[in-house]
């Protein structure tokens, strides 16, 4: 008989499931399939009466194309939503967009120039809506499990009205107040900033020591003595109205070249060394309280100012005497208020000096520092000038330095709520305890929240003022009236109408005015827990998942707002991911030239490869991306796909039945159960990298061992051979487990795989199936088989050595002699399990050439030759005809 006859008699099947994935072609087909068949809606309908799981989507900013960070975030969420849906939960996913704020306002003004507030808002609204459509189109390329028919945006009139309902709630609880207070002020944005909008960068600043001349002394200090102060903000000296000392610190009076100076004792040596005043002599010592009540001449205006007690004075640097400008520092402000220090404001919104600054008027504050230093030098008051590089607050949008500046602002009283908010944090579940501590620390350190912004594109602060300029906060019907107007017309109406037109009839004609400021954009997005339409779901939601920067941002503002409104955190569990860095650990960005578009990756490799990279990343930390890392994930994908292809091709003739699985087949069935349990465990803990690792390890082990040792039976035994059917039963279960386990991560690939799975009650899509449940794992069976795998490793090494030495060409030519007393080992079909020609038992381990014939049908070696076929193949061919 010829070779083709033997080949045709083997159970070798092929299917249309190709090793070549062609993901970029197939993803469009499956996009259409899911859309046309409304698979997402059907999945929701299937689970609508089940327990819900709500992952609330934090809104990305509606500006520009999506970047790799967006993809990381949305894919992580998508994996969770798909897993929870397959697990039977009702899991509507509602994407959102954040639309207000300075970046869009700047875009509009750069394109159209100076506009009226209402015209700017209309242009900004159009731009924001166009950006939502652009980003939505791009997000669809990520194959997210949602329909994009339901989404929220912060410029929607219903959203704005609900947000203002929250604001009204805060007013009614007495948590909203207006105050003149130093706040982070951005001259580049001309607006107050919240702490969440601040980033710290290294900045070069002048460092000066200045002598303030005492004008009124006491028993210890004489008029004409000099107080030495240190500052890195010479421009604030115009607003100086006091000097603070530490009450219990020790100070001293010293003489140098006929002049007497006051500094903290602990800093004396350091200062005279810095000034090179080697001949300085200490005259007397006293404590800080002894200096209280002294007066000195303000160095710019020459008015008399007092020395006061300051709790914020330290001896870490400077001179131990602190220059006070109450409207340019928070500690300065409160101490100034307690001591009736003059509140001097000499800086305009844009950072230039006003007329209060006298000869320095018109100068930008940084330029003014130079001129003030020149002035002090001419006055013989400047002792030492140098430059230091230190960490300085910057506007996170413009990357320009910010200053502390006293302005009238609206605040939320966070300080009085802290203990309750922190109790709410205690109820939140975190994957790591240090993440809880991180949020806890941020809330603990929060000051009252500045919610007013001096901009046009945002939700207005709907407050009116009477003729005397007093805010009207005790008329809930006014708030309700305006909120209804916004719900009907949108927040533009606040800017379109005069105050009288926005008031209920009985409050008109009173010459009231309206507030011009808008709410902080973090107030906008931080209201989403109650302002967004999440298809009827209520706080607390099951999960928030965003980048680690949101501990100071959306996690923070949402927590404060939700606690005020509902008395609880808006989330049951909080997850965060790191930033994306390149292969060298550098943060990725277009400006650095190392950025990469997720859409480019998808167009080249397909969305499944991008998703596998995300799932296979330790996302709790910064996530590494490079072509090399992507190639590694492509190799993982190929291995998985190749294994699935083998399973599909060897199940063409399979019919499910109650086939007994014994021996190695029982062991593999047990391993399948272990895989199920581990996959569930790691999905539930959101450790997707471990899900991928468990599956990949299983697939590698399966290919290297079980699939290798079973090929002979699959190909050469009769189709209904019980051993072959037991193998197929395992393969069928493995295929189903891999399909369900990988569906949340590789949706395109697994939807394709699902079409090749034959089963009763098959669904329209894999995503209408149910995730497998935890299974029984027999640890004793695992331990028993460990004995075999130790033996296998020993034998493989012997066989490899024999092949390497030329003793044999391949393993099935080997005769293995095994030394063992184990009845379990002796009971096994070792020839098959070890893939060798013959196994016997002896006193030691040995390898020799198996003197045998090679079967022309199955290619196994055999020693009871009867022609060129083994007995198994001879028996098979008796009943076989082509």
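Keep in mind that glycine also has a Cβ here, set from the backbone N, Cα and C atoms.
What TrEMBL lists as domain 'Aminoacyl-tRNA synthetase class Ia' is 31-623.
Counted with DSSP, the motif ''HIGH' region' (60-70) comes out as 3 helix, 1 strand, 7 coil. Positions annotated as motif ''HIGH' region' by TrEMBL: 60-70.
The L-isoleucyl-5'-AMP binding site annotation in TrEMBL covers 546. Take the CB of residue 546 (L-isoleucyl-5'-AMP binding site) and look out to 10 A: across all protein chains shown you find 22 other CB atoms.
As annotated by TrEMBL, motif ''KMSKS' region' applies to 587-591.
Look at TrEMBL and you will find 590 tagged as ATP binding site.
Residues annotated as domain 'Methionyl/Valyl/Leucyl/Isoleucyl-tRNA synthetase anticodon-binding' in TrEMBL: 668-818.
Secondary structure at residue 870 (Zn(2+) binding site), as computed by DSSP, is coil. Around residue 870 (Zn(2+) binding site), taking its Cβ as the centre, 25 other Cβ atoms fall within 10 Å, counting all chains. Marked as Zn(2+) binding site by TrEMBL: 855, 858, 870, 873.
Its Cβ placed at the centre, residue 873 (Zn(2+) binding site) has 24 other Cβ atoms within 10 Å.
When the Cα atoms are compared, residue 873 (Zn(2+) binding site) and residue 546 (L-isoleucyl-5'-AMP binding site) turn out to be 61 Å apart. When the C-alpha distances from residue 546 (L-isoleucyl-5'-AMP binding site) to the binding-site residues 855, 858, 870 are tabulated, the minimum falls on 858. Sequence-distant neighbours of residue 855 (Zn(2+) binding site) (same chain, 6+ residues apart, CB-CB distance under 8 A): 861, 862, 868, 869, 870, 873. Note on residue 858 (Zn(2+) binding site): other Cβ atoms within 10 Å of its Cβ, all shown chains, come to 22.
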